[in-house]
Amino acid sequence: MNRGVPFRHLLLVLQLALLPAATQGKKVVLGKKGDTVELTCTASQKKSIQFHWKNSNQIKILGNQGSFLTKGPSKLNDRADSRRSLWDQGNFPLIIKNLKIEDSDTYICEVEDQKEEVQLLVFGLTANSDTHLLQGQSLTLTLESPPGSSPSVQCRSPRGKNIQGGKTLSVSQLELQDSGTWTCTVLQNQKKVEFKIDIVVLAFQKASSIVYKKEGEQVEFSFPLAFTVEKLTGSGELWWQAERASSSKSWITFDLKNKEVSVKRVTQDPKLQMGKKLPLHLTLPQALPQYAGSGNLTLALEAKTGKLHQEVNLVVMRATQLQKNLTCEVWGPTSPKLMLSLKLENKEAKVSKREKAVWVLNPEAGMWQCLLSDSGQVLLESNIKVLPTWSTPVQPMALIVLGGVAGLLLFIGLGIFFCVRCRHRRRQAERMSQIKRLLSEKKTCQCPHRFQKTCSPI
């Protein structure tokens with residue numbers, strides 16, 4: 001037993017003597033596919049000395065001969081390099097450009113009769129087919145890794161959602177907030193490498209919008225996109241379901257080419273107008289109750305499966321006065337929590353209900369406001385002026401009656417005046433005739449007082 005110990009010691013010494021250089025601990029370095037990696041090798045002497053880099057098959061990659069860089073017959077011949085400026089400092093790095101998954105290997109640096117081993121693991125992370133996805137579609141991220149590795153992956157979306165997995169990660173029903181830079185971290189052997197992937201979610205800025213208008217006002221519908229593409233081509237259509245209609249109908253169809261919009265077909269009632277450039281913009285000449293309702297604009301992009309959607313709603317308000325009834329009405333899709341009110345200006349609401357129509361009987365004169373509000377915030381307002389009761393529609397008849405009475409009284413008055421005047425003239429004429437007769441008979445005693453001087457007693 002004791003005689004075997006010296007032999008084993010001798011065998012170990014012989015093996016160590018046969019080794020060309022001592023091997024230090026192996027380092028692990030993670031790299032990204034397509035990137036550049038730098039593997040370090042440091043000598044104890046701060047000067048340029050001879051070194052060699054080899055792969056696990058002992059095939060030389062590169063080394064030096066004096067101040068010259070020499071390369072071996074490895075597959076990295078055209079992608080391998082070193083930093084000559086660091087040689088005088090005792091640093092002899094191996095630089096590998098445009099990394100590939102198959103570059104994963106153990107690389108050996110021989111310097112000063114020592115060996116430094118570096119294990120390089122190259123990973124790649126790619127998105128499925130395209131990084132431009134329609135809203136609602138699924139995103140799949142696939143990790144490429146070297147054989148024998150067992151990495152874990154964790155990704156964080158722009159909206160802060162964390163997704164964990166192995167070599168495949170899937171995210172369903174992408175939302176607009178998922179558009180942006182995704183940060184993914186790959187962990188292997190307590191080392192990590194970070195990937196950044198830009199994902200563009202193709203969508204409208206708003207999933208739905210609502211427009212509030214008074215009857216007769218012009219309506220503007222806008223459909224801005226949440227992304228920018230230099231050459232955007234596709235086609236679209238707006239379908240509209242009026243509140244009073246039994247079915248929806250197509251209001252307009254259009255083409256989109258290089259951000260230029262051209263109308264293919266438009267209905268005559270209503271006759272929409274469409275802008276010729278992005279963002280998509282539609283104009284309805286007048287907001288009328290028969291147009292109130294909901295629409296759905298679809299946009300199909302070239303080379304993309306599926307369509308973009310945006311819902312748009314139109315609410316129309318009308319305030320009217322008919323005889324002694326003041327009415328406020330709204331048409332279109334409204335929330336049950338919305339409040340419809342009628343109030344006299346600068347006064348409390350006369351009536352306020354969660355309904356689509358309210359009214360006031362025998363309203364006071366003044367400016368009345370019809371208000372549609374949500375939790376105190378006014379969404380739509382229409383004003384109507386109520387005139388005093390004497391200015392009601394019966395005014396012309398009253399004036400006719402009053403005028404007739406006044407005319408009759410004037411006629412009667414004039415008749416009486418002319419009758420009295422005529423009678424007065426007749427009596428005066430009779431008196432003058434009597435005077436002339438008396439004078440002719442020389443009976444001056446019967447004359448008026450002014451003729452008494454010429455009268456003689458009978």
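Note that Cβ sites are derived from N, Cα and C of the backbone, with glycine treated the same way.
Taken from Swiss-Prot, the feature disulfide bond applies to Cys41-Cys109, Cys155-Cys184, Cys328-Cys370, supported by experimental evidence. Taken from Swiss-Prot, the feature domain 'Ig-like C2-type 3' applies to 318-374. Under the heading phosphoserine, Swiss-Prot lists Ser433, Ser440, Ser456. The feature region 'HIV-1 Vpu-susceptibility domain' is assigned by Swiss-Prot to 427-455.
Under a cutoff of 8 A between CB atoms, and with a sequence separation of 6+ in the same chain, the neighbours of Cys109 (disulfide bond) are Leu39, Cys41, Phe51, His52, Trp53, Phe92, Leu94, Lys115, Glu116, Glu117, Val118. Between the C-alpha atoms of Cys184 (disulfide bond) and Cys328 (disulfide bond), the distance comes to 57 Å. Across the structure, Ser440 (phosphoserine) and Ser433 (phosphoserine) are spaced 11 Å apart at their Cα atoms.
For the domain 'Ig-like C2-type 3' (318-374), the DSSP-based tally of helix, strand and coil residues reads 0 helix, 37 strand, 20 coil. When the Cα atoms are compared, Cys328 (disulfide bond) and Cys155 (disulfide bond) turn out to be 54 Å apart. Non-local contacts of Cys370 (disulfide bond) by the CB criterion (under 8 A, 6+ apart in sequence, same chain) comprise Met317, Ala319, Cys328, Leu340, Ser341, Leu342, Glu381, Ser382, Asn383, Ile384. Its Cβ placed at the centre, Cys184 (disulfide bond) has 20 other Cβ atoms within 10 Å.
DSSP assigns Cys109 (disulfide bond) to a strand in the three-state reduction. Secondary structure at Ser440 (phosphoserine), taken from DSSP and collapsed to helix, strand or coil, is helix. Each residue in the region 'HIV-1 Vpu-susceptibility domain' (427-455) has a pLDDT score, and their mean in this model is 63. Counting only the Cα atoms, the space from Ser433 (phosphoserine) to Cys155 (disulfide bond) is about 134 angstrom. Working note on the disulfide-bonded residues Cys41, Cys155, Cys328: by count of other C-beta atoms within 10 Å of each C-beta, Cys328 ranks first. Cβ neighbours within 10 Å of Ser440 (phosphoserine), excluding its own Cβ and spanning all shown chains: 8.
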